[in-house]
Amino acid sequence: MAALWPLLLLLSQHLWACLALTLPDEPHDGPPSVGFDASHVGPSVDLPGALRVFSLDYHHVQAPFEIVLWIMLASLAKLGFHWSGRVPAVVPESCVLIMVGLLVGGVIYGVRHSAPPTLSADAFFLFLLPPIVLDAGYFLPGRLFFENLGTILWYAVLGTLWNVVGIGLSLYGVCLLVPDSLGDISLLHCLLFGSLIAAVDPVAVLSVFQEMHVNEQLHILVFGESLLNDAVTVVLYKLFESFLRLPSVTGLDVLVGGCRLIVVGLGGFFVGLFFGLVAALTSRFTSRAQVIAPLFVFLYSYLSYLTSEMLHFSGITAIVTCAVTMKQYVEANVSERSNTSIQYFLKMWSSVSETLIFVFLGVSTIQDIHMWSWPFVCSTLLLCLVWRATGVLLLTAVVNKLRRNAVTFRDQFIIAYGGLRGAICFSLVFLIDDFPKKRLFITTTIVVILFTVFVQGMTIKPLVELLDVKRKKRALPTVSEEIHSRLLDHLLSGIEDVVGYWGQHYWKDRFEQFNKKYLRRFLIGEHHQARSSILRVYQELERREQQGDEEAPPPVDPRPGGRPLLPEEMDSIRRILSRNLQNFNKKQTPAYSRHTLHQDAMAMTALHRHQSLPERHTCNRSTLCPQRAEGEFSKSYRGRARLSRSHTVCSASPRRSEPPDSVDPTALNPTQPSDPEPAEEQRSPLHRAPIETATKKQLSFVLESETRQ
């Protein structure tokens, strides 16, 4: 780690020197000399048509060169973080990257004496955000997401509206209380600022929650809410921005804005669904060109995002829907190597984008445009915490009445405390049209981001350990667990179908039938169709173990059905099941108890060994005299070679076993003389009564030679 920081500083100084380099646009009018050429920025001879030994043309490679340097700097910072000893256990990665950005921005400001470059909104929304959302959607745990979809939408839609309206109205009240410095901020400006400051950033949430390994339900609630929360906040931001450009806002405008909110969300969903199905269909025909198969995953996903943005739909919703739709079909069509390539490229792409976002957040903080107002900044910070906490508590109190697995108070606290802000609200605040208090909005947004990432991000992990929040299981599920999970799904689906309740298992079963009957036949090649559902489960588990993906959804692919059963076959099955059920109910199998084991043994049925040596079935008094029986067994065992032992449980019924008195001690070993001590013990009246009334479960050790005569 110590060796990396000088390299980072050297690289950053070289970058700032390149950024600070300004070239004159006018030609050099001085006398010809050997020196610095203005047109080619390098040592040359100012003679017309002269040949140059060395020249430097920085403008020709300026854009890609600076991009590569920024990526190199961010990657080295990330590498240094993971080699910094105990730092990753205390400080989240996002905090370290922002501190690196602050350092870089400070050095740039000191060298150039001007503000460092900022992250533009177009670069963020068109190039950096799509890889992160695509990675999150492609590896989304589908089972958990759809089982908690109602709760996620409840938090994302109603919770976001609660935060936006609450923060906006409260800030407008603060502005009315301080008219001297904040009197020129209107209600629409407060609502616009509330819409962007309420955006929970999935990048910051992922970077923090993936390091804590919380339980699956809590992770999917926080992550799903932050993912869909962005789509709602961006739509609300654009809606309030349109209201600001109108001369006056009427009730009809508000109604049209509400309809627009629904259209934007549904439009993004259908655009993503269309491109996802097209990507799955295209991957069906890549068997002869597997090299370009992963390319279609990235192209169609990015195309869905760009198309939605072009139509003013939700690009985040579109790319998540596209990724979730095409995943199971693409994985079935392409090879294992292509699946591995898709996984590693998505992880690499999203990691680089995430690193660049946090570094630029730190760099962009060093600006000359800050405006400070203690009432506005402190009120915004406090209101963000209060309104989110109250919203989570109220919404959870309602949703817990409809959930089987209630969200505990500890999970509610982590959900409320995990509302981290990030680059989305930072990019949106720069898109606000110029007005006198825009610089105040930028400063307040930066303060909220730094507070949530540093204070909340650094303290949430100790709070999780202090509250003893349930953690995620590290081990991958076994084939047995997957099969039992599918069995319970089918069982619950059947119960819902019998009672006439259309629950999530009912609709899930209907979708699986539709998927198997139509979609999989149309979107998956015939040579990739799975003939065994158990084999498909095993292959999926093997793939997840190789890829190290612990949150991939379990495949639900019923076995392809054969011909329908005839009525005669159904009647035969019913008769067999009914007869076996009656026979099973007639049996009396007492429960095991260590206090009543010997007394309840009379109710047990005699269990005989398979017809191997029926003439040698005897009953040994091992329960009455275990030491003598063990001695006889050891004597007989020493006299034989290569013998096998079998356990036979005998009953005291006179019809199936002989009395213990009739046991011939020579039956155990016919080659050796009988021991007189057991005979005397059998003839003793002190032992006959216990033999007749004692336990009926006895162990008989039958010794037989492997070479029968």
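Any Cβ shown, glycine's included, is placed from N, Cα and C.
Curation plays no part in TrEMBL annotations; they are all automatic predictions.
The range from 66-86, 444-464 that TrEMBL describes as transmembrane segment is residues 444-464. For the transmembrane segment (412-432), the partner stretch with the highest count of Cβ pairs under 8 angstroms, out of 152-179, 342-366, 372-400, is 372-400. The stretches the transmembrane segment (152-179) and the transmembrane segment (90-111) are not in mutual contact, being linked by fewer than three Cβ pairs under 8 Å (pairs 6 or more apart in sequence). For the transmembrane segment (90-111), the partner stretch with the highest count of Cβ pairs under 8 angstroms, out of 123-140, 185-208, 372-400, 444-464, is 444-464.
Counting residues 6+ beyond its ends, the transmembrane segment (123-140) has Cβ neighbours under 8 Å at 202-203, 206, 223, 227, 297-298, 301-302, 305-306, 309, 315-316, 319-324, 327, 342-343, 346-347, 349-350, 352-354, 356-357, 423-424, 427, 549, 551-552 in the same chain.
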